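Trainee: Pasting the relevant annotations from TrEMBL:
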- A:12-32: transmembrane segment (TRANSMEM)
- A:39-58: transmembrane segment (TRANSMEM)
- A:64-84: transmembrane segment (TRANSMEM)
- A:96-115: transmembrane segment (TRANSMEM)
- A:148-167: transmembrane segment (TRANSMEM)
- A:179-197: transmembrane segment (TRANSMEM)
- A:203-220: transmembrane segment (TRANSMEM)
- A:232-253: transmembrane segment (TRANSMEM)
- A:259-279: transmembrane segment (TRANSMEM)
Amino acid sequence: MMAELLTTTALPIMLVGAMVGIASSAVGTFLVLRGNSMLSDAISHSIVFGIVIVWLLTKQQSGPVQLIGAALTGLLTVLLTEALASTKRVKQDTAIGLVFPALFSIGVLLLNIYANDVHIDTHTVLLGEIGFVWLDTVDIFGLPIPQALVSMSVMTVLNYAFIGLFYKELKLATFDPALAKTFGFMPSILFYVLLMLTSSTAVAAFDAVGAVLFIAFAIVPASAAYLLTDRLWMMFIIGALISIASSISGYYLAVYLNVSIGGMMAVMTGVFLMLAFLAGPRYGVITQRVKRQRARQAPVEPPPSV
Amino acid sequence: MVWLELLSDYTFQNVVIGASLLGLISGPLGCFAVLRRQSLLGDAISHAALPGICLSFIITGSRDIGGIIMGSLITGSAAALIMLMLTRLSRLKTDAALGACLSIFFAVGIVLLTYIQSTNNASQGGLEAFLFGQAAATLRSDLWVMGSITLVTLLLLAVFWKQAKLVTFDAEYARTLGMPITVIEASLTAMVALAVVVGLQMVGVILMAAMIVAPAAAARQWSRHLGGMLTIAAGVGIVSGVSGATISTLSRGLATGPLIVLTATAIVLISLALAPGRGLLWGVIKHYRQKSALQKQQLLYALYKHSADPSCAPSTLGSRRMLNKLKQQGYLTRSPRGATPSDDGWGLTAQGQAEARRVIAAFEELAS
Amino acid sequence: MATSDLTDTALSIKNLTVSYHNQPVLWDIDLDIPAGVMAGIVGPNGAGKSTLIKSLLGLVPSLSGEVMVHGRPYATQRKRVGYVPQRSSVDWDFPTTALDVVTMGLYGRLGWLKRPGRKERHEAQEALEMVGMSAMAERQISQLSGGQQQRVFLARALVQQADVYFLDEPMAGVDATTERAIIDILRRLRDAGKTLIVVHHDLQTVRTYFDWLLLLNVRVIASGKAEEVFKIDHLRQAYGGQIALLNDNESLMFSASKVK
């Protein structure tokens, strides 16, 4: 019965979608708070370089060796970006815009040269195809589990373990890196590890949703959560909930309209962001306007006499 | 020359002209984006162009470049506007707003793309090529459209040069002069969107960010005037475009977009290293010269200050080297060890004392 | 932590030189600050005051120099040093409460991996009490005024129970009430034997607030007891140009803070 559940298309797809969101929004939360959201963009593109190199060396398209290769590529991307920015001749955002296209280009060219006939298809890497996750399964306890689900679960566990273990260190390093440094918490190292986890999550997510949609899952639920709560730990919960909701609603809408499932899931995260932006109970634009209206209409109390 | 032979080929001509137009428009407009700290806006706009391209195809049923440009411009500008709205009206910061708009618009584009694919329309084949560019598929008619847009954009820039320059440098001040800041800033953003949209054909969605950023970054290293920067950026853009196109054609199989981007990046790196005054190589040389000058001054100062108090002994390895060097230059003497148990034996010569006094005087100057 | 070493030098700097872009920002700083004083660091803009604190704490690299806190190298004494940075150094939109910010001050003591528990919350609550902010404990920090934010930062340093505190322009941009409150707390700390080292921006209040003074402009112009350092020729040297001391600088606003 379990086997049937797992191979009937709906459940594994929605599970993978939800996992992509949960794993990505976890690391994405810190990226958003640090103001480094675009690093997820940079990493998800430059990883193509890493994927090609790993594939050339090991002939493996997925699995743990790709996760490690991705982590290293992500680290390389960030180190190159920082090196460029530290010359003071280019600003940080310019540095990002220089490094990742260069790495991406090298990756594509390597593909052109070495792998023209093979199925590392940049198309799939960029766009993914979550609808086919149930095709590529791994046997665990006799059940055919989609490969993508395994990788995403591993990344979810790794990400949350890291965040859970170093919660207060990450919080302080994000909020006040100078103080964190005086406490000996090495904010830079923490940040690099976070980015390596982000990169591995990205490559694990490629199978399912592809590079650019990964960015959506990393940044958008976390951004929506940022607009909805004033507690850091709540941001993780809200991020996860939005991921699950987007996954389910995205799947059914995509099936109904016969369009890309991954794309639709990402679009739904955008819908939730819009809802949070407009109608969020604390910071929503419309909510605040309504509050101001009510405040204007209420009678003004004179200040207490001194 | 091989290149001249190539030029007689019709397709190659198109590619070269297209690449040149790309450089001509993205170079100068990229300068404005980079100077306004909006380097990644080009990235966002280019990703946001995808839904526009799909929409135009759905509506017109063909991949006519006029429709493509229109569609990309509309959705690209919409993305830029929504990004602005998100940052202005909520506590979301620019980077998160950029990332959100970029990815969500692109996601909408993917959805539309799969919709088109499901309707099995035969002429939709070229759409995916917008991801990576399809330089070789450029039609002569496309070039006319791209060329006119480039011309109009550059003309606008020339006419409203003063305003563009001032608003980029100091928007607040420009406002006090009565300039309509919002209109100017919006127009500049729209022009960046135009540049992106024109270049999509050549390098594709993913790499367009680099063509906005790289020529400007390279040009910045060589020029101190905005006008000069724009000109050099255009030049870098054109050179990258043509080189990339040439290598691609000669190699038969290497994608054009990546080659153009790598050429541009290489030019940036060379510029960073070599540009006179700002170049890193000069910086490194200057740094070492200044460091040893500083060390020399510090040692002289320390010895002078402690000449009355001989119990201090500078004895790190670095200073030992410098101490010997100073002795060679005649500023120090070395007396035999054992004058006092804790004394390392270094002393200032008359020349050394004079030099030390000069150093101190120079710093009195500096600090006052 | 023997009590005997509290009578010694709280901070000893030797030969500190910091450069930025090949320009000297701090040149050959030699300084000894005794324990149990309220020390002020003043000087014109760009004099290197913030840089001094940041390089002491290892936040900015230096070309040379040795820093000792209570006779031992700074790196071994982190736990005895408290830091109150400028308010602009953090993003106040961060999703957290005032109490939580104060609790972060205890992270150093907790070290890696240990979580803050009830004991820590209690200490943080007490520190907020000391700065008069206990009512705001659960408030989101973006809703605090400038003065309240400064007090939260101060509470965060207090909770560390350090022996030496570095404060970077704590009175900049706060209202008079908050300024009085901050000075009161600092004085109480000083009277308990702690050393306060404060980068201060306002020459007007220097004589009222500080017993010990460093006049800085890239180099040490003068350092020592406040009344000896705060003299017109030293000031002229530091600030250049025309500067005059108006003898009636005890303006009305500060008369209430003269707790003598």
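The backbone N, Cα and C atoms fix where each Cβ goes, and this holds for glycine too.
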Trainee: Short question: most Cβ pairs under 8 Å with the transmembrane segment (A:148-167), which of A:12-32, A:64-84, A:96-115, A:179-197, A:203-220?
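Mentor: By the under-8 Å Cβ criterion, the transmembrane segment (A:148-167) pairs most with A:12-32.
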Trainee: In terms of Cβ proximity under 8 Å, which residues at least six beyond the ends of the transmembrane segment (A:203-220) contact it?
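Mentor: Same-chain residues near the transmembrane segment (A:203-220) but 6 or more away: 16-17, 20-21, 23-25, 27-28, 31-32, 37, 40-41, 44-45, 47-48, 50-51, 62, 66-67, 69-70, 124-130, 133, 136, 147-148, 151-152, 154-155, 242-243, 262-263, 265-266, 269-270, 272-273.
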Trainee: Hey, which bits of the same chain come close to the transmembrane segment (A:232-253), Cβ under 8 Å, at least six residues off its ends?
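Mentor: Answer is 10, 13-15, 17-18, 20-22, 24-26, 28-29, 33, 163, 171, 217, 220-222, 224-226, 261-262, 264-269, 271-272.
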Trainee: Among A:39-58, A:64-84, A:96-115, A:259-279, point out the range having the most Cβ pairs under 8 angstroms from the transmembrane segment (A:12-32).
Mentor: A:259-279
Trainee: Establish whether the number of Cβ pairs under 8 Å between the transmembrane segment (A:39-58) and the transmembrane segment (A:96-115) reaches at least three, counting only pairs separated by 6 or more residues.
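Mentor: These two segments touch.
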